[in-house]
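Asks: Summarising the annotation, TrEMBL assigns active site, proton donor to GLU166. The active site, nucleophile annotation in TrEMBL covers GLU353. Taken from TrEMBL, the feature substrate binding site covers GLN20, HIS121, ASN165, TYR296, TRP400, GLU407, TRP408.
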Amino acid sequence: MPTPTFPAHFTWGVATAAPQIEGAAFLDGKGESVWDRFARVPGKIHGDANLDVTCDHYHRYASDFALMQELGVKNYRLSLAWPRVIPDGAGTPNPAGLAFYDRLIDAMLAHDIQPWVTMFHWDLPQALEDQGGWRVRSTAAAFGRYADLIVSTYGDRVKNWITLNEMRCFTVLAYGDVIRPPGIIESDQIVHQTYHTALLAHGEGVRAVREHGAPGARVGLTDDAVIPVPIMETAPHIAAAEQAFRELNYRSIDPVFRGEYGALYQQIAGDHGAETEADDFALISQPTDFFGLNIYTGVYVRAGEDGRPETLPFPPSYPTADAPWLRLLPQAMYWGPRLMQSVYGVKQIYITENGAGYDDVPTANGEILDLHRRQYVRQCLGELHRAIADGVPVDGYFCWSFMDNFEWLEGFSKRFGICYTDYATQRRTPKLSAQWYAEVMRTNTLV
Ligand code: GBH
């Protein structure tokens, strides 16, 4: 088989998020985020780690961009911290915070790196949480004003915008469980409401880019859709996977692409569904330019005897990365984009995250031979190439992550970087996977 070659102009990049790398959590006027607060509660985060310093990227961005440039990174997906820009989320902007992102974006461009900016990657200003957080519509309105500000300020240099990262993670998995901030379990109705507010915020983000973006500015949503992988690639199982795809993502993709909560939402939510207003779905379903998929894993699905999709449980010893949820299933990288195309007719897709978390340990001579990560990412890219060859419109791929960073509940115990972060010295060392990925980006082939 010839070495798989990606289309000319395929976008290769790396990804991070502000709360996971910046540190400087309370410097230069930055407001407290819900994660800054939550990390202070003993026992919530592995090793009681916090976000105060993380990778100290706030002070080290110049050398980080120099390293990216050395590796040949041309596209960088980052997020801006809402509480750095507007400390209480809704009031007066913070000039020092705005100036920081000004310097950051200029430095990126000086290193020939294009910014792909996520407006929100989970770090809600604590002051907004105290006023109801994602439970209340006013948070979507505040997000809209924040989006207006950042698009007006940086839109001359930022051409690609992502409104929100993974709505499920800061709504359903946050207000429906105690393990993520705010750490309070809410009723089903409120959980549905938090998701609805997130959808409204997405709509506000799209509106902001249309109103204030430079000509040619583009915007999309990044979702962590649950991806069904048919147990066999035969017609009945593929049909079951298509049906499962709709059902597993009943809360997210229908409103964005069809402008409605479908029948399944009504069926599942019953009387506990979100309270909606007449114009909500026009805002939520404004046309976007691309769809971002974060793909790490999937679920196996087959057609049951009645043809209905059946999601198969994983046997206990099914292989995973060093995170129990990250079951190694590279075909998700084929089926995720393909189902977005076949079920929702999406015309342009970017993989905005993919990678694997392992407990990397440097060898005696300081190398990090992360053969497991390299292997998984290579398999995933093979599946992505197969999707493109089948006509699925995938135009780019961002590896998660540029460097090891604050891995949420896992603190610093799980490493997802292709560069190793030594937290004691803040030294970054490209792992074997980074050396390999650099060659993939350079040659546009799956070397
Ligand atoms: C991404 O989410 C995040 O965008 C990124 O910030 C993070 O660093 C990266 O993953 C690696 O974790 O507790 O069993 O319900 C990936 C999707 C969804 C995976 C939530 C973990 C929780 C599993 N994540 N999921 S569980």
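Cβ from N, Cα, C; glycine included.
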Asks: List the residues in the vicinity of the substrate site, defined as same-chain residues other than GLN20, HIS121, ASN165, TYR296, TRP400, GLU407, TRP408 with C-beta within 8 angstroms of the site's C-beta centre.
Replies: ALA17, GLU353, SER401, ASN405, PHE416
Asks: Quick one: give me the count of other CB atoms within 10 A of the CB of GLU407 (substrate binding site).
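Replies: If we count other Cβ atoms within 10 Å of GLU407 (substrate binding site), we arrive at 20.
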Asks: Tell me the Cα distance separating TRP400 (substrate binding site) from GLU166 (active site, proton donor), rounded to the nearest angstrom.
Replies: 14
Asks: Including all protein chains shown, what's the count of other C-beta atoms within 10 A of the C-beta of TRP408 (substrate binding site)?
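Replies: Step by step: centre on the Cβ of TRP408 (substrate binding site), count other Cβ atoms within 10 Å, giving 21.
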Asks: Near the Cβ of GLU353 (active site, nucleophile), how many other Cβ atoms are there if near means within 10 Å?
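Replies: For GLU353 (active site, nucleophile), the 10 Å Cβ neighbour count is 25.
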Asks: For TRP400 (substrate binding site), which residues of its chain lie six or more apart in sequence with Cβ-Cβ distance below 8 Å?
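Replies: In sequence order, the residues whose Cβ lies under 8 Å from that of TRP400 (substrate binding site) (at least 6 apart) are VAL14, ALA15, ASN294, GLU353, ASN354, GLY355, PHE416.
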Asks: Largest pairwise Cα distance, Å, within the listed substrate binders GLN20, HIS121, ASN165, TYR296, TRP400, GLU407, TRP408?
Replies: 18
Asks: At a 10 Å cut-off from the C-beta of TYR296 (substrate binding site), count the other C-beta atoms across all protein chains.
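Replies: If we count other Cβ atoms within 10 Å of TYR296 (substrate binding site), we arrive at 24.
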Asks: By a simple count, how many Cβ atoms lie within 10 Å of the Cβ of HIS121 (substrate binding site), its own Cβ left out?
Replies: 24
